[in-house]
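Colleague: What follows is a structure written as structure tokens; I'll ask about it next.
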Amino acid sequence: MDSGPTESCKPCNNNVGCIPQNGSSIIHDSHPPSTIASPDSTLGRHLAHRLVQIGINDVFTVPGDFNLNLLDLLIAEPGLKNIGCCNELNAGYAADGYARARGVGACVVTFTVGGLSVLNAIAGAYSENLPVICIVGGPNTNDYGTNRILHHTIGLPDFSQELRCFQTVTCYQAVVSHLEDACEQIDTAISTALKESKPVYISISCNLATIPHPSFSREPIPFALSPRLSNKMGLEAAVETTVAFLSKAVKPVLVGGPKLRVAKATKAFAELADACGYAIATMPSAKGLVPENHPHFIGTYWGAVSTAFCAEIVESADAYLFAGPIFNDYSSVGYSLLLKKDKAIIVNPDRVVVANGPAFGCILMKDFLQALAKRIDRNTTSYENYHRIYVPNGVPLKSEPNEPLRVNVMFNHIQKMLSGDTAVIAETGDSWFNCQKLKLPEGCGYEFQMQYGSIGWSVGATLGYAQSVPNKRVIACIGDGSFQVTAQDVSTMIRCEQRTIIFLINNGGYTIEVEIHDGPYNVIKNWNYTALVDAIHNGEGKCWTSKVRTEEELIEAIETATGEKQDCLCFIEVIVHRDDTSKELLEWGSRVCSANGRPPNPQ
């Protein structure tokens, strides 16, 4: 049984997620013309081999009786490592984080109890356009259609509940209950995930993984996708119309959005930035995708909570080109952006819309930006205007000796830690706003989950991201409320010998919710977080913890984490005042509260 599209118009990144084969098409039949199955030609080995072929070297798992045989074959595959997680939610978040750096990720759980537990993480990956392959060990093939009631279900003989839940948060679903079409289903699911840049669901009956079958050749043909091309006439017309529109503008600007990732267009955006001369900004959820070391970069455009002087330049422009934007209530600060449609060019992954006028479809963003870069007239007016009004950022007030640590002081020191060998993970909450103000050096990674905004995401995502880029040191900024949701998988970080530095910001509650709408439910039970991590460490592996309350203690902790303990997982609990928040969160929270509190429209 399967459902979902088999064709897509999304481009493929030949560096991750697939192997270029001179434009070859999707492989559905990967076996030689032999009817004799090798003992090694099993479904489980075929799946494992495919995962390695598309760039996955780590799979995040929680064992259950329906997936154990499959796990045996996955971990037997050279080049594929099993990362056992503490729960399914974190396994899904880890696959999310892994996909952000590697281009694709995978998790394996058991039927229904595991599937429904990982569902929230898969929904988040769907919202963020991440190809995550969610593999579930399913019931024995003999139990389908028998009216039997199985464990791990809700007590009904209908086994489709899990599938129906996944249908809305994945772009393809494959229920593998017959060996004859298993190869085709698996390959179609994987290819669809890569083409659509969305999660897929693969359920594999527990008694099929170890059975040899002729369709699973010992050495499958390398996996490849056929590249998608832009409509040439449409591309030319879109570029010509855009050049004509922008040439009439006096002070146009260029803004990068989060869909630059799914469109594989970050390099093309940089080419256009170099060519146009415009002031360049990034939307908050695109931080890390737009080069902040570019000479015309002016910061984050986020309406009323933008980088200083950035919103003034963007919103006063007479033309703005947004590449891959998402305008939701969070990114628009409660729908309060001062933008006009008749001034905007919106470039989506496969479509260009020029102001109120024509729209051009079947055009890849990457192709459009590259072609536009060759034709655009250089105009530096908006950046010159920015340069004239710009006043350098101030520095936090100097702390008195043993003064309680302030958040702005902490992030001033985190800024000094950043380099091309680091990456920042920002948890949902005030870290969104504080990390947004960090200036990223070239090569420094940056990730956060803005569209879905699930608190607790960062623990699993940090695990997955760090596992995918072992040469980078990940710096995770996590609030105490979020940490309490998913804290267990610090254990997995230690077991995997990761060197992440976690700043646990202990301010006694859900600060982001406080600034939207306060109440007693935003206050949480305080934990001794360093003691908790020490207990998880339990003398096994490399882990170092510190609790800091002043700037002096913070400086000492950072020196230790980046020096003597640089090969350890370092957990620094930072005690700050409950009301110590960024000014941006105060403004953003009030506007989102206003948007949430709008009365119903008259009937």
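Note that Cβ sites are derived from N, Cα and C of the backbone, with glycine treated the same way.
Please treat TrEMBL annotations as automatic predictions, because they have not gone through curation.
This is the feature table in TrEMBL:
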type	residues	note
DOMAIN	42-147	domain 'Thiamine pyrophosphate enzyme N-terminal TPP-binding'
DOMAIN	240-356	domain 'Thiamine pyrophosphate enzyme central'
DOMAIN	449-574	domain 'Thiamine pyrophosphate enzyme TPP-binding'
BINDING	ASP480, ASN507, GLY509	Mg(2+) binding site
Colleague: Treating G and I as helix alongside H, and B as strand alongside E, what does DSSP give for the domain 'Thiamine pyrophosphate enzyme N-terminal TPP-binding' (42-147) in helix, strand and coil?
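Modeller: Its residues fall into 53 helix, 22 strand, 31 coil.
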Colleague: Between 0 and 100, where does the mean pLDDT of the domain 'Thiamine pyrophosphate enzyme TPP-binding' (449-574) sit?
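Modeller: Mean model confidence (pLDDT) across the domain 'Thiamine pyrophosphate enzyme TPP-binding' (449-574) is 95.
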Colleague: Taking the Cβ of ASP480 (Mg(2+) binding site) as the centre, how many other Cβ atoms fall within a 10 Å radius?
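Modeller: Excluding its own Cβ, the number within 10 Å is 25.
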Colleague: Take the domain 'Thiamine pyrophosphate enzyme central' (240-356) and count its residues per DSSP category (helix H/G/I, strand E/B, coil), listing them in that order.
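Modeller: Split by secondary structure, the domain 'Thiamine pyrophosphate enzyme central' (240-356) comes out as 38 helix, 25 strand, 54 coil.
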Colleague: Within its own chain, what residues at least 6 apart in sequence put their Cβ under 8 Å from the Cβ of ASN507 (Mg(2+) binding site), listed in sequence order?
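Modeller: Expected: GLY479, ASP480, VAL576, HIS577, ARG578, ASP580.
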Colleague: Pull the DSSP breakdown for the domain 'Thiamine pyrophosphate enzyme TPP-binding' (449-574) and write it out as helix, strand, coil residue counts.
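Modeller: The composition, in the requested order, is 58 helix, 28 strand, 40 coil.
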Colleague: Name them in sequence order: residues not among ASP480, ASN507, GLY509 whose Cβ is within 8 Å of the mean position of the Cβ atoms defining the Mg(2+) site.
Modeller: GLY479, GLY481, ILE505, ASN506, GLY508, TYR510, THR511, ILE524, ARG578
